[in-house]
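K.L.:
Below is the structure I would like to discuss, written out as structure tokens.
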Amino acid sequence: MTTRLFIQDVTLRDGMHAVRHRITPEDVGRIVAALDAAGVDAIEVAHGDGLAGGSLNYGPGSNTDWEWIEAAADNLTHARLTTLLLPGIGTIAHLEQAYRLGVRSVRIATHCTEADVSAQHIATARELGMDVSGFLMMSHMAEAEQLAEQAELMESYGAHCVYVTDSGGRLTMDGVRDRVRAYRRVLDPATEIGIHAHENLSLAVANSVVAVEEGVTRVDASLAGHGAGAGNCPIEPFVAVADLYGWKHSCDLFALQDAADDLVRPLQDRPVRVDRETLTLGYAGVYSSFLRHAEAAARRYGLDTRTILLEVGRRGLVGGQEDLIVDIALDLLADTTA
């Protein structure tokens, strides 16, 4: 492989789900400084559900996006400051404010079959001169050719890169391979392809490796896998594998290991790992950020979290429908008491 990998850290965006969007700007600054020194190419910062995601439905943040982004900007020297925006949650005004604070790259995220709602936000980001990626969430819910059609739409709106985004940690290596190949068949050769993996089936590193073998150049990863559900692709083992394969990148493996163990793991109030609940996310194909919501409902109503998650998967809930988890719990409770 001759192309250098672009490794984007998502500890401070997807990882917000793992700490219920509660982290101090001081901790953000420390983590960003460590990541920057370790050579990652980009660092994504926002509420777990993107700009303006803090709410009763998604979970309020301990601080505003702007406080976190300012703390990140103050500690960056080399890496590209990045954020995430979901149309319908974040607005053009939020995007413009992020740009004023130093954000120069954005991922515009939609459900995997709803790329058309990203057009305005992608176009505005391009007008601002930003690096722009399309982020097709829950990519396992669309077959490869259908997903590629959505990627083609995002490209037509101006995206420099489009991601296969395995939000549920449900894809296997064949699923990743098929989707990346489908993208490559329809996208312009100049348009990059990215992979965003979750660890719910313990396949995040394997899926990311397969993606790179198929031509992906942008890889999402996080310190200690810090992210929703069982976490994202853990950056330390992925970089180790990249070294073993001789792939070009700019990361310092030992520095990443130190940041993961010394800065990130101590912040976790629930271990980010594959366990009975997070494995069920991948098994049922459930949006990874639903984990903490389902666990809260299970505690409240005396149910098994896995039972709730299986029903969430059966009903095909997607990101933004967190409020329906309580409805499902009440339905299950009624069934057990009938």
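Sequential numbering from 1, following the chain as shown.
Cβ coordinates are placed from backbone N, Cα and C, and glycine is handled just like the others.
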K.L.:
Which one of Ser167, Ser208, Ser250 goes with Arg13, Asp14, His196, Tyr287 at the substrate site, as Swiss-Prot has it?
P.N.:
Ser167
K.L.:
Output, ordered by sequence, the same-chain residues six or more apart from Arg13 (substrate binding site) with a CB under 8 Å from its CB, or 'none'.
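P.N.:
Residues satisfying the criterion: Glu44, Val45, Ala46, His47, Gly48, Gly50, Thr83, Leu84.
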K.L.:
Specify the secondary structure state of Arg13 (substrate binding site) as given by DSSP, simplified to three classes.
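P.N.:
In three-state terms, Arg13 (substrate binding site) counts as coil.
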K.L.:
So if I measure Cβ to Cβ from His198 (Mn(2+) binding site) and keep only same-chain residues at least 6 apart in sequence, which ones fall under 8 Å?
P.N.:
Asp166, Ser167, Gly168, Gly169, Ala204, Gly227, Ala228, Gly229, Ala230, Gly231, Asn232, Cys233, Leu281, Gly282, Ser288
K.L.:
For the substrate binding residues given in the record (Arg13, Asp14, Ser167, His196, Tyr287), what is the largest pairwise C-alpha separation in angstrom?
P.N.:
15
K.L.:
Starting from the Mn(2+) site formed by Asp14, His196, His198, give every other residue of that chain whose CB sits within 8 Å of the mean position of their CB atoms, in sequence order.
P.N.:
Val10, Thr165, Asp166, Ser167, Gly169, Ala197, Asp220, Ser222, Gly227, Ala228, Asn232, Cys233, Ser288
K.L.:
Quick check: with Arg13, Asp14, Ser167, His196, Tyr287 left out, which same-chain residues have Cβ atoms within 8 Å of the centroid of the substrate site Cβ atoms?
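P.N.:
Not counting the recorded site residues, we get Val10, His17, Gly48, Met137, Thr165, His198, Gly227, Ala228, Asn232, Ser288, Ser289.
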K.L.:
Taking the Cβ of His17 (active site, proton acceptor) as the centre, how many other Cβ atoms fall within a 10 Å radius?
P.N.:
27
